[in-house]
Amino acid sequence: GSSKYSHSAEVSCCFKYLMFSYNIIFWLAGAAFIAIGFWAWSEKGVLLDLTQVTRMHGLDPVWMVLVVGAITFILGFAGCVGALRENICLLKFFSGLIGFIFFLELTAAVLVVVFQGQVRDWINDFFLNNIKAYRDDIDLQNLIDSLQRLNQCCGAQEPNDWDRNVYFSCNGTHRSREKCGVPFSCCRKDPADTVINTQCGYDVRLKDDWMDIYTKGCIPALEDWLPGNMYTVAIVFIVISLLQMVGIYLARTLIAEIEKVKFNFH
């Protein structure tokens, strides 16, 4: 047994536990995301009827949470166990996966800059499809409402985009109470209101003036927001990249140390 102790004593504990602590955060975050995802699904009854998963026409935000959760969980697991067990395979998998994610981020950033027009059209279509599916999924509904409230916007390009939704559409013979209206998140908030008036958007588009609602679309609102907040966006990207670099550096250093110890050991 003594040779085993001298063998592990040579791998720097400092790097080993730095790597472990770095990853325990990933692991816990991943587990939390996955738990939140399944909780949201159980609230919607999706777990009882799994056909609902494929039936969504718009985006179900829970999917995003589950995918991010799964990736961070796998990363954290590989990093933690790799560091503690001094497992070179897991550590290589960890640094490879982070490297791959970093490469994907860079590629996405370059593509967004190069194909700005197409990206704008794609986001626009994506938003319109989700407007169509607004009432199909409660999480999607909340996401669109918070987007419209935060950015003080309504629809993709204009409030009339809500015609795409069967409940809000002005066309047709449907008897929906929301006909020719917009969701409450389009309404300009009256500071005197303490309770949200969820009916404030009823019949709004039948009126001549749209003083009570935001008339700017969410895509133009986003385009106006970006230039002023370029620094914020850049700083977020740089911080994420640095964290990824630290992870790769720790894993690589640990791999080199383990290999050195194994080589000396033999």
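Note that Cβ sites are derived from N, Cα and C of the backbone, with glycine treated the same way.
Copied over from TrEMBL, here are the features:
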TRANSMEM  20-42  transmembrane segment
TRANSMEM  62-84  transmembrane segment
TRANSMEM  96-115  transmembrane segment
DISULFID  Cys153-Cys186  disulfide bond
DISULFID  Cys154-Cys170  disulfide bond
TRANSMEM  230-251  transmembrane segment
Candidate with sparsest Cβ neighbourhood (10 Å radius) among Cys153, Cys154, Cys170, Cys186, the listed disulfide-bonded residues: Cys170
Spatial separation of Cys170 (disulfide bond) from Cys186 (disulfide bond) - C-alpha basis, Å: 17
C-alpha spacing of Cys153 (disulfide bond) relative to Cys170 (disulfide bond), in angstrom: 20
Intrachain residues whose Cβ lies under 8 Å of the transmembrane segment (230-251), provided they are six or more past its termini: 15, 18-19, 22-23, 79, 82, 91-92, 94-95, 98-99, 101-102, 105, 109
